[in-house]
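Going by TrEMBL, these are the annotated features:
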TRANSMEM  A:56-74  transmembrane segment
TRANSMEM  A:80-102  transmembrane segment
TRANSMEM  A:109-126  transmembrane segment
TRANSMEM  A:155-174  transmembrane segment
TRANSMEM  A:195-221  transmembrane segment
TRANSMEM  A:241-266  transmembrane segment
TRANSMEM  A:273-292  transmembrane segment
Amino acid sequence: MRWIFPTVLLGLLLAFPPIAAAMGLEFYQGLLTKIMIFALAASSLNLILGYGGMVSFGHAAYFGLGAYTVAILMREGVTSGWVIWAVAVGLSALLALLIGAISLRTRGIYFIMITLAFAQMIYYLVVSFKQYGGEDGLRARRPEFGLFELNDTTLYYLTLGVLLAALYLLYRLVHSRFGRVLQAIRENEARALALGYPVFHFQLVAFVLAGALAGLAGVLMAHYTQYASPNLLAWQQSGHLMMMVILGGVGQFWGGVLGALVLSLVEEILQDLTIHWQLGVGLILLFIVLFAPKGLAGLMRRGS
Amino acid sequence: MKKLVWLMVFLGLMGFSLALAQPRTVKVGFVSTLSGGGAALGIDVRDGFNLALRHLNNQLGGLPVEVIVADDQQNPDVARQAVDRMLKRDRVDFLTGIIFSNILLAVGDAIFEEKVFYISPNAGPSEYAGEQCNPYFVNVAWQNDNLHEAMGQYVQTRRFENVFLLAPNYPAGRDALTGFKRYFKGRVVAEVYHRLNQLDFSAEIAQIRAARPKAVYAFEPGAMGVNFIKQYAEAGLLREIPLFLPGFSADADVIRAVGRGMVGIYNSSQWTLELNNPINQRFVEDFRKTYNRTPTLYASQGYDAALLLDAAIKAVGGDLSKKDELRKAMLAGFNSTRGPLRFSPNGYPIQNYYLRQVIQQPGGEIVNRQVGTIFTNHRDAYVDRCKLR
Amino acid sequence: MPPSLFIEQVLNGFQFGLMLFLLAAGLTLVLGIMDTINLAHGSLYMIGAYLTATLVGVTGSFWLAVLGAVLGTALIGMLLELSVLRQLYRRDHLSQVLATFALILIINEVVRMIWGSQPLLLSTPEALSGPVEILPGLYYPAFRLVIIGVGLLVALLLFWLVNRTRVGMWLRAGASNREMAQAMGVPIKPLFTLLFGVGAGLCAIAGAFLGPILAVQIGMGESILILAFVVIVIGGIGSIKGALVGALLVGLVDTAGRAFLPLLLSRVASPEVASNLGPALASILIYLLMAVVLFFRPQGLFPART
């Protein structure tokens, strides 16, 4: 019985593009693509934030780096999608390794602030390159994948595939020994240390993996908007991803997906209703923090 | 479940037939800067555009108009999302409204790819004037360099030995100083670019003081202009080193904010309050009556954007699918607040540029008065590089 | 480089640093004593500026307006503490970040509803709108000198309050060991509300004095908030002295970067490139400073907690 709902959902997702094309709803196909991209980015953040207890306030750095890698490589004449993907994910992982290796020496508020500091440095660095658009962002043409042409519809299926693969990977990971140790460290770091676990290495591996996945999400975002914006690197973007995770449920497996879906929909709907839509978003978030600390996933679990 | 599906199909068909039955409307997407430091500009363009629609009985070329307004917050990313929504969801026939060149350059490709006309009421980047000129782009205001070329010409005739140049670091800022230097032949002491939307000019003012130039030319639109001129006066420099401005930094919006400090300043504009034609007189009078403030050049540009659309749609008899004819009709010109306005093949206007001076009238009111003509029938400098004919 | 230019830029850095200090002081105390991250601190700065701009219109006097804005913002700050922030003291940092992020959104929109989307106009008081000759041949805007004076005065007052008064003693006790302070009978709850009000008042002073130089607009609190956080992390959380040193460091580095880096760079590159790289490098410099400080002193320069 419990497989019926996911199967139906998957079927609907697979069938959506032809339906959208028939009914002139391409805009909503784009919206779904965007939501799936955010779901990927938020799920990657949930790995370190929820399962690892590492409150990174700089996740936008990898997200934006992924997008800018696409834009810059395409501009420099590298047109193979596979090469661009590999470089983008590799660079994001490398950046996460660098930032993680330094930041994970600190704890608490200092960790939050140092991850923010690194993300801000990346932001200003990117913005200072006028030949790559500076504060105006850079056009990111869609690369060639050989097997298929990347258009709005293939991108939709590509994103769906990547999201499913990433979720499978994350699911296996958090239910493995690695995942259990990560959560043990979150609960009681001193005890994990005393038990002989290399805490720093476990945390760093999770941090790098999350960075790489966020980079991949950034790549997809660049394919979607065909544009790399400095907004993707800004601290508000880090906050936005954090909002999704917390809204969905910190350390709940579906937290990232749920948060991305609900927040994006709420924003989309409120934006149409009123220019003061941010007031609604703010009130909902505040309500969630004060009255539903486990997020929507927590609420649903309690309900069932 | 099945019933629900049939109901939806039925409703969908009904909606479709309703859409067919209705008379054709013109959908205009209006993306502009309506909040933050550049808001005064966007609001003036919007109010000018709306006033024209009112004068045209909410019709463009005889078709009823629907205007969809969005605020780009002077952020390229926000603008892209708004434009995407208007092109793909609302399926607008025309887009207009953008103030800042960097925003326009961020969304231009997406608009042109959909073969939708963009009528620029302000931003006139050099990029779209030369090699990258586009058949779907028409600018009713000016090319970015133009007002600065006029000021360069004027400062040149005043025979200042040297001049200090200041502008924000974005496409229009770079166009501005390029335009100024095209006609000013004296020495440039320094050419300083600062961050767009910077509000504290203490560092730049210290640099000006140390450089001791004979004159300063600054392109600072919107809130930047208000802040720069106020701080320039507060530093005591206004009395020592004369300041020259393009019309953007000396129009009614800046005068309202800065006040008496502005009196005496010379500036350039393609439009003035006094231009003697019936369209302009009606525009100025009704704008004052409707919005209770003096119109700026921005407002006149918004007004003209609507007049251009009206003339072009009328010329093709309301058939918006005739894209080539539409373009021809637009470039053929129309009667604007500046009199009959003609265009170059790259979609930029050929027009006069005037010298204005801020003066205090006997009643105490501070206004920007036309005191001369700098260029007549002036074209932009890039048109020869445009392949369009 | 002429010495007058150098002096003028140092004064500019000082002026900006002191205003940053006003923001950072409240933030560092709230974070050090209540262990609460308050992203909405910048919103109080914005509220202070809006109240000042409005009250100038009503009273016609800049100084009366500042007084009213400080009191009004302090009141709003205390109301925020009583209604929302109090619920967050015992929660983790994550919830605090999200809840106060939500507050930013809410306050921004409420301000937009009341005052509109366009920036408000706040002029320097007429008497201070000219330059003053501080050294022979060196003129400096009078209003900016006043800002420096006010900043120094408030800093002195704060040091006196924290180091010489009973309330200050409680605060220091709370910052170094909360449980101990509570056991010794320090009235924590009203103290926190009061502290929050003082922090909000300091924000309002910064907003009132920076308003005429910058612009009174929505979102003005967010960019400066991040800088204030950098300041207190460099200085050491919970330390007023750290906040002052950190603020002046950041103010000077930022101004120096904006003023001198383009000059230096313009010798080797075109004006456009120089003015691109200069401000970006200056901004990076600030965060680099913070990362380096944290790398060598993970608790900041003057850690309050022992």
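From the backbone N, Cα and C atoms, a Cβ is placed for every residue, glycine too.
Against the transmembrane segment (A:109-126), stretch A:56-74 shows more Cβ pairs under 8 Å than any other of A:56-74, A:195-221, A:241-266, A:273-292. Below 8 angstroms of C-beta separation, residues 31, 34-36, 38-46, 49-51, 57, 59-60, 63, 167, 170-171, 174, 183, 186, 280-281, 284-285, 288-289, 294-298, 301 of the same chain, each at least six residues beyond the ends of the transmembrane segment (A:241-266), sit close to that stretch. Put simply, of A:80-102, A:195-221, A:273-292, the stretch with the most CB pairs closer than 8 A to the transmembrane segment (A:56-74) is A:195-221. Tertiary neighbourhood of the transmembrane segment (A:195-221): same-chain residues 33-34, 37-38, 40-41, 43-45, 47-48, 51-52, 54, 56, 59, 62-70, 84-85, 88-93, 95-97, 99-101, 104, 155, 158-159, 162, 166, 173, 178, 181-182, 184-185, 189, 232, selected by CB-CB distance under 8 Å and a gap of 6+ residues from either end.
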